[in-house]
Amino acid sequence: MLKRRQPKYCSFMDSIDNSTTIIRKNLNRFIRELTDDGKLDFESIPYQNLQKEVANQDEEGCENVIEVLLDTTSRSGCPDRKLILQLFNSFFLQFPIFRENLLNDPSEFLELMFETNPIRNPLPGSKKHGNELKVEAITVIKSWEKEKCVKNDARMKCLVVTLKKTKFVDYENGAKKIEAERKRKKILEERKMKMIENSVNVYSSKYHEIKNDAETLSMELTTTMQMLVPSFTTADPEVPSTSTSTPSAISDSKSFEIFIPDLTPEISVSSENDAIVEAFLGAKLSLIHRVQTLRKLVKRLQLLKQPGEKLAQEIIDYRDGIKNLVLKADELRIINPRPPKNKRKKSDDDFIDVDISIDDILMVQYAEKLEVDVKSKDESEKITESPEKHKIEMKNEKPVKIKTVPFGLDLKYWGEERKDVEVPKNNADCHRFWRSADEGTVAGKAQQSIYTQRQYTFIGKAPDNRKVCLAKMKSGKLCPRKDYYTCPLHGKIVDRDDEGRPINEEDRLEENYRKEQNHLKEADKIRQMIEKEYESKTKRRKKHDVDTTASEDVRNRLQKKLLDPKTIQRVSADLDASRKNRLEKNFGQQFSHF
C-alpha cells in the first residue's frame, strides 16, 4: 500500500504553534517573577529564554511574537502594561526585525499604550495608573525618536506626528504635568514630615519637663519611705569596735528566733510622723498623675509611627520605672490617716477668734436639745390628730403670698449675661419617627435687649416748640395743626404770612411745584378713568378677565410658549438624542448600556 504524504505546511504550522506556546509561557512566567518595585529583572532566566526565542525567529515568527505581546497587553492592567512596554523597548532596540514589524503597523500598539481610541480600547483601571502608563509610553517613544537607526525613518516620523495630533494624548506636556504633580507630592511630604518633626519636638520638651518634676517627686517619695520604713538590706558601714572581744566570744553569743506574721509594713499616723505621711501621700499622688500624662504622650507618639517610635520607647521605659516606685509605695499600709485640713475661706479673715467658756457651750447644747424635744412632740401630736381637724385647719390657713420684686426684670438682671431656654420647633412631630429639630428653627427666645436697655423719664414739663402749619385750605381758612417738622396734610412746615403764603422764595417755588404735580396726577387719573369707561363700552369682555400685574403677564406669555405640547416634544427629542450620543460615545463597546 502507498503511504499518503503529509502536506508541508502542517509541520510549519505546528512549529509556529510550539514557538507561540513557548513565548507565551516564558512571558507569563517572566511577568510573575517581577521584582517588588515594578521593574523588570533583565538577568532572570525567563527573560533570557524569551530573548533567545525572539532572536531565533524570522520575520513571520517575529510577527507572532508581537501578536503574543499585544494579546497579553490587551488582557492586562495598566501596571502590567508598563512592564510589557519595557519589553517592547528592549526588543525594539535590540532586534531590527522586531523594529521593522512594529513600525509597519503600530496602530494596535498605540491604542493599547496611549489610548488613542478611548471608545474602542479604553485603558483599564484607575485614571492615575492610566496617566502613568501614558507618560511612560511617551518617554519610550521620545527615546526611540533620538535613536540613530530610526532617526531618519519616515514611519517613525509619522508615528510621532500622529501622537502630536491626537487629542487624547498630550505628547508635548504630558511629562511636564506628571513632573509637576510629583514635585507637588514631594512638597506635601516634606511639609508633613516637618509638621511631624515639630510635634515630636513639642512632645519631647513636654516629656523632659515631666521628667524633671518626676525625678524631684521620686526623690521625695524615696526619702519619705526610708524615713517611715528604714531599709535593712543595705550594708551599714563598719563601725570600729572599742571592745577587746575575740572571735571566739562572738561565736559563743546566743541565737534568737524572730517570727514576722506579715512582711507588709504598717504605719500608724501620729503627731510625730504626720508631716512625713502627708508628704509621702502627696508625692505618690503627683507621681500617679505624671504616669497618666506619660501614657497619653505615648499614645499620641504612636500615631506618628516611625518618627516617634524612639521617643515613645524612651518614655515607656521611664514610665515603667516610676510605676514600679509607685507600686512599691502602695505596699505601705497607713492606719488612721488624718483627713485633709479644710482651707480657710476668705470670708473668715474678717472674724476674730474669741475664747468661749465651758458654761456657754453647755447652755447652747441644752437649748438645742430642748428644741429637738419640742419638735418631736409636735410631730407626734400631729400624727394622732383626726383627718377632719386637719382639713378644717387647711381651710382656715391663708393662701401663701407670692413674693414680688418692686422693680422690673431689667434692673434685677442688669449687666448680667443671661441665656434663656430655647424651645426648638419640631417640624416632624407628626411623623412616626422622631428626629431632632433643624438648625435655625428655634422659638421662645426672649429679647436680650430688655436686660441691657432701659427708658429713662425726666421730671418736669417739656417746652412746646411746635409750629403752626398756617397753610391755606380749600375752605379759605388756615391750617391750625401744630407739629415740630411736618404737617400730615401739607408737608413741611415753613414760615408763612397772615394769608398763608410762604415768606421765603424757595419755599414759595417748592409749593407751586407741588401744586402743579398734584394737578397733573389728578388729570392723569381722570384720563385713565375715561379710557377705562370707553374700553368697557366698546371692547368685548373676556370670559375670564382677571386683573394681573406686569410680571404675571410676562409669566403667562412665557408659560404659553414654553409649555406648549409641541415645544416640549421637540425639546425632549433633542435632549434624548444628545444623551444617546453621549452614551454611545462613552459606552458604545459595552452592550449592557443599551
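Note: Cβ is positioned from N, Cα and C throughout, glycine not excepted.
Annotation source Swiss-Prot lists region 'VHS-like' at 24-170. Under the heading coiled coil, Swiss-Prot lists 170-198, 503-540, citing sequence analysis as support. What Swiss-Prot records for 466-493 is zinc finger. Taken from Swiss-Prot, the feature Zn(2+) binding site applies to C469, C479, C487, H490, supported by sequence analysis. Look at Swiss-Prot and you will find 533-558 tagged as region 'Disordered'. Residues or ranges marked as compositional bias 'Basic and acidic residues' in Swiss-Prot: 544-558.
Feature map: Swiss-Prot annotations on the structure.
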residue: C469; record: Zn(2+) binding site; DSSP (3 states): coil
residue: C479; record: Zn(2+) binding site; DSSP (3 states): coil
residue: C487; record: Zn(2+) binding site; DSSP (3 states): strand
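The Cβ of H490 (Zn(2+) binding site) has C469, A471, C479 as same-chain neighbours under 8 Å, each 6 or more residues away in sequence. Same-chain residues lying 6+ beyond the ends of the coiled coil (170-198) with a Cβ under 8 Å from its Cβ atoms: 131-132, 134-135, 138-139, 160, 163-164, 304, 307-308. Taking the mean position of the Cβ atoms of C469, C479, C487, H490 as the Zn(2+) site, the remaining residues of that chain whose Cβ falls within 8 Å of it are L470, A471, R481, P488, L489, G491, I493. Ranked by how many other Cβ atoms sit within 10 Å of their Cβ, the binding-site residues C469, C487 place C487 at the bottom. As a whole-number mean, the pLDDT of the coiled coil (170-198) in this prediction is 80. According to DSSP, the region 'VHS-like' (24-170) comprises 102 helix, 0 strand, 45 coil.
Applying DSSP to the compositional bias 'Basic and acidic residues' (544-558) sorts its residues as follows: 9 helix, 0 strand, 6 coil.
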